[in-house]
Each structure stands twice: as C-alpha cells, then as structure tokens.
Ligand code: GLY
C-alpha cells in the first residue's frame, strides 16, 4: 500500500509539477532588464541585438523589431504590477509612436501590437487605442485586392515587385483587433484573404514552408524563394515558427477549423523533423548544410514554444504532445545553454540566435524577439500550469 501511494505521488508530481520556475526566471529577467535600461537610457534608437565585438546593435524605430523591447517590459509589468515597469514600458512604447503612419512596411503588427497592443491590454489607455487604429489603417494600405495579399517588401532581388514573406502572418492580429474595435469588417477581411492565399502558395505538400513568394500584378505566383533560409527549397526555421504562430492566431480569431487543422499540420512538420535536436531548439534552417555543427536559432524555439502552448489548448488529446514539446523548449531556453546569466549577453535574456546566416548577418547573437516570445511563453506556461 505504501509503495502504491509513493508511486501515485511520484506520478502526480511528475505530471502536474511546474517544470520551470517561472517566478525565478521572471525575477532574473527583471534584474537583467534593469541593467539593460541603465545601459540604454536613450530611446532614440531601439534595443535590438548585440554585435560579436560586444557592442550594442540598436536600430531605428522603423525597424521591424522596435515593438519587442517595450513589449517585454509590458510583460514584466503584467507579471509584477510594479509601476517601475509600467514607466519603462510607456517610455519605450512612446519611442515607436510615430510608426503608426508608416505605410512603407508590412511589419506594423510586430511593431505596434507588441508595444501599444500590450500597453492597451494592461492599461486601457485610450491614446494607445487611437495609435493602434491608425496603425491598422496604415497596414491595410499595403493590401492589393486584385492580388489578395499584403505586400511585404517594396521589391526583391530578381526584380520582383510584389514579394510576400511568411513572417507577414504575424501582422494579421492587429487587423482582427481593429475590426473588433472599430466595427469595420474590412480589416479582418484583409487578414482572412491574406492567410488563405498564404496557405495556398507558401507551403509544400509535406507542410514545410517557403520564405518568399513573388507575385505578379494579377496575383499569379512568379517565383518561390528563400531569403533568410539556406536555399529556395529548404525551410527556414524561424519563418516556419512565424507560420505556426500565425495560423494559431487565425484560429483564435475566426474559430474556423481549417486554420486549426493547418496549424497542427505545420506544427507536426516542425516537431517531427528528423533534424530537430533533442532539446527542441532548431538549427537556423532544417536543411542547413553542416548540421550538426550549424548554429541553433533560439528565437525560433521561443516563438514556436509560445505558439504551441496556445495550440495545445485547442487540440484535445493531440494537445498533450504540443504542450510537452513547448515545455521542453522553454526548459531548454531557461537552462544555462541558452539563458544568459545576470550581466552577460549585453543584458538580453536569450543567447544563440540567428538573424540571417544566408546574408552573413546576426549569427549566434542575442535578438530582442527571442526575449519577447520567451517571456510570453513563460507567462502562458504559468497561467496554464496553474489551471
Ligand atoms: N524578418 C523577420 C525575421 O527575421 O524573422
């Protein structure tokens, strides 16, 4: 009897115990970001990465990553309710404000929804709402109804005029929000048409993904290309993680089962890939030529972890696997292999990311979006583990 009780206790502890000490990880993140704020008092450029020589690599607010540092500060405020994080988050959010009028980028979802969107969620500040509505209007200008997609870049090598990248799935959330907020269905219609055409053209029959699809003026596919991945026919792991996250969001916003089914299929491709390492932090491309000596991209792991946690909640029995793999990713990211010790890594939280090895840029460095999705994943995990 004693033996049975012991077995049952061990079983329930291993099934239900929190595998990651979120409070400890968030406390460490707070200490690290206090040092970051002290090192970076000037908000005229945004916190983005660090160079191999140990100096910061900041970028202007029009860079696609400008929303992530304020977003991370908002997560710290959400978790601690400490007003010092609200002040810091407001300051860095303000630094992105002028981008609400930027019609030259498809990345407004990243830039504005992660900064102002989190700020609105946590403070209900009416000024933040105005900024977000304007941002959605600016983003919508990049949608061509004849093509049925939001244009990503204004041109691409080879002379292509209408390139659309898989990352663009991440900007649709802002449009759904804008339709709910304004009552104007146009924003969400754009999001749905974009997601449907991406589903049609951006994936192979095995549910792997292309990075860039180039369209002509009538919406015909001219070319399927790689930019930040290894080759046109390979799969760039961060791009694929954006797709997983994007289709989970599509399901959350529409409750249309076709998006859930698709999010599961592309996630299965990711998790079952033979080149996925045991710690579940992928190489920068599933087909990078020198695996296993290629660099990992911890940012891809952080994005996928957060997406899979949400996907697990919609997936019934199948969700157990998504949850377990997401937790494994967060465990790896929380270990010294990827998690920076206090004062290291230019005060970023996560080490070992790759921006674009194909462009010889940002190889094995910290990247602010890895921090953002890691923090989001930790908070999601804690809420789910408590339930
Ligand atoms: N262009 C977005 C990314 O590098 O993931």
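Placement of Cβ uses the backbone N, Cα and C atoms for every residue, glycine included.
Summary of the site annotation: TrEMBL records substrate binding at 167, 238, 242. Screening the candidates 82, 107, 325 against this entry identifies 107 as the one listed for that site. Summary of the substrate site environment: with the site residues 107, 167, 238, 242 set aside, the chain residues having Cβ atoms within 8 Å of the Cβ mean position are 64, 110, 165, 166, 168, 169, 170, 239. Close contacts with ligand 1, defined as a Cβ under 6 Å from any of its atoms, occur at 167, 238 among the binding-site residues 107, 167, 238. The Cβ of residue 238 (substrate binding site) lies under 8 Å from the Cβ of 228, 284, 297, 299, 300, 303, 354, each of which sits 6+ residues away along the same chain.
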